[in-house]
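These notes are about the structure you will find just below.
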């Protein structure tokens, strides 16, 4: 028996190595027939000795019995989508934003010549997945889903032959989440469709649909028979840092058995990125797989952290999409549509033409700035493109074909739906401590909910799944309710009676009662859902979550000054003013008051300020937010350390200021606060922060007085009551430094289920080790809420 077990282990190791050389390195060392012989030998031995079968055996990729449904998986780190670039100018603008966002001297996080270095790789057209490894073994696979919650497809990903069930080599972190794309090659797609035709099965329109459909089969045996492949492009959660650069991470993953794009390249500056894009574009048709663009990422991971995220995409990455098929047609007219926020948007009505196999009669024009940029006139011959391979877009006017009777495109002075006045939006910018107002690209109907179009879209948004989640209220039902004047605002939904609903088209006794129950059940939304449901311009689902998590009460959100709102992640000054303007509007306030008053809504998850927000409001942070000319974060820190309070800075004389800063910066600070409007605005911001419960000193001084100051803690294994990120946040709020590695300087190790080498090392060093219950007890003792 010992000999059989030894032979099984030898065969598994040998087959794993051959899989690695074939699928990852593309350097097979044996012919297929020899691989098959070894595989069948292992399969026979395991059949004779089923007690020796393990989940990571190469034979266990064949699939199992059908599942009844997929379970939900919450991503510890959201799987975000990328922003898109369609033109070279978009890439240049992206590079400018990155460079300005880093605001670092050349050579610090930059490459040669002070240029940002980017990783470059093709954008595979497949399905994004997450692979979670613990102690080197694949324990879970999940789809991206909505970015926050995906589906558990662990059984199916195990059948994808180039996904390692166990990592190669050594040095990988205890917890490693690999992210990448499951796709189907062009040849594999053709073979699949041919075989489907032979058996009279369903064929697929393209490799992307084939890959997605194959991976989400409830019967994993079907998935196992599909020619799926995987290519990794990055990381999710990990218990330890792997490298300092994105390419370094991918090289490490490749060493551990992960397939990485053979087209991966480092570019020094945006010009090299554009050259890479053109090169891949020229070779696109010769590649063995479908791609729809190229992904560029800031290579330095510290720079990525510096840039951060906005809404649902990182600021440090972009997908440069390839142009889709283009066609010529005639612009017959331009009509204007009214959206949820009142935006009056031009839409091109075209002479129908087939583009990439789809008949197109309408195209987006985005806004009037785009119409002006194109020089578009009604009657023009235009080039249209299915931008991003999906949305038809007018990209160019063929000016030489313009007819004599061509007409200019005019914005209507009154709303085409309700007749209210249409006005152009204003944008607020802050530069050198001063605000300036410029004209925006968007025109808006001022009718608000008195406008039927806005009311319908506002209600559709309010009841949507990610907002108040009121089932049974479809678009057609909402149109009926508005047209019959049964509702004039979201608050009126809660006043609907059974007699009103049953008279609507498509409703009977059961469906009417179900709808009334769904409306009643929506009376206790989370704060984040309610904020999102209000439909504040430029406030999407992620920003609503940030507002709720950070400010933790609707009253604080309503009162917050724009500058205070900019403390929050991904909230810029323009969005901050949109939020402020929304809550200052008398009509909006009356609707909210009605919802929370007579309609009986009770918002959940309100309470104390979020720890992340609290930690961000240091004195030096406030000084930096004031945008004093020539004063950056370093100078702000010096001012905070020197004076300790905002009032001391405002009232400091010239000599005191010169002791803190060089002459130019000192003069800039004095000139700024000599303007009484600037001084009063700074005081108002500070007063509101303190009113919200913030009492800061300089960050350095604050940490010194905290109970865990000077202590280094390490988290390992999994936690059940809170995520590791939340635990880290709570420990840091008490002054602790949370590290990813154990050393003699470590004060305490928190070990949950699955703790590996870090726990072993902690025991060897004789360190204090706490389980999750002990951690929670310690946090409670120190006055930190754990629920």
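From the backbone N, Cα and C atoms, a Cβ is placed for every residue, glycine too.
According to Swiss-Prot, the active site, N6-AMP-lysine intermediate annotation covers 123. Summarising the annotation, Swiss-Prot assigns NAD(+) binding site to 32, 33, 34, 35, 36, 81, 82, 121, 144, 181, 297, 321 and lists sequence analysis as the type of evidence. Sequence annotations record features per position, and here Swiss-Prot assigns Zn(2+) binding site to 415, 418, 445, 451 based on sequence analysis. Residues or ranges marked as domain 'BRCT' in Swiss-Prot: 703-787.
In three-state terms derived from DSSP, residue 123 (active site, N6-AMP-lysine intermediate) belongs to an extended strand segment. When Cα-Cα distances from residue 144 (NAD(+) binding site) are compared across the recorded positions 123, 415, 418, 445, 451, the shortest belongs to 123.
For residue 82 (NAD(+) binding site), the nearest of the binding-site residues by C-alpha distance turns out to be 445; the candidates were 415, 418, 445, 451. With DSSP classes pooled into helix, strand and coil, the tally for the domain 'BRCT' (703-787) is 31 helix, 15 strand, 39 coil. It is 44 Å from the Cα atom of residue 418 (Zn(2+) binding site) to that of residue 123 (active site, N6-AMP-lysine intermediate). On the 0 to 100 pLDDT scale, the domain 'BRCT' (703-787) averages 83 in this prediction. The Cβ neighbour count for residue 123 (active site, N6-AMP-lysine intermediate), using a 10 Å radius over every protein chain in view, is 22.
Under DSSP, residue 82 (NAD(+) binding site) is assigned to coil, being neither helix nor strand in the three-state scheme. The most densely surrounded of the binding-site residues 82, 415, 445, 451, judged by C-beta neighbours within 10 angstroms, is 445. Scoring each of the binding-site residues (144, 297) by how many neighbouring Cβ atoms lie within 10 Å, the top position goes to 297. Among the recorded positions listed (123, 415, 445, 451), 123 has its Cα nearest to the Cα of residue 297 (NAD(+) binding site). Calculated from their C-alpha atoms, the gap between residue 451 (Zn(2+) binding site) and residue 123 (active site, N6-AMP-lysine intermediate) amounts to 42 Å. Taking the centroid of the Cβ atoms of 415, 418, 445, 451 as the Zn(2+) site, the other same-chain residues with Cβ within 8 Å of it are 338, 342, 414, 416, 417, 419, 420, 422, 446, 447, 450, 452, 453, 454. You'll find the Cα of residue 415 (Zn(2+) binding site) roughly 42 Å from the Cα of residue 123 (active site, N6-AMP-lysine intermediate). Neighbour count (other Cβ atoms within 10 Å of the Cβ, all protein chains): 18 for residue 418 (Zn(2+) binding site). The secondary structure of residue 415 (Zn(2+) binding site), as reduced to three states from DSSP, is coil rather than helix or strand.
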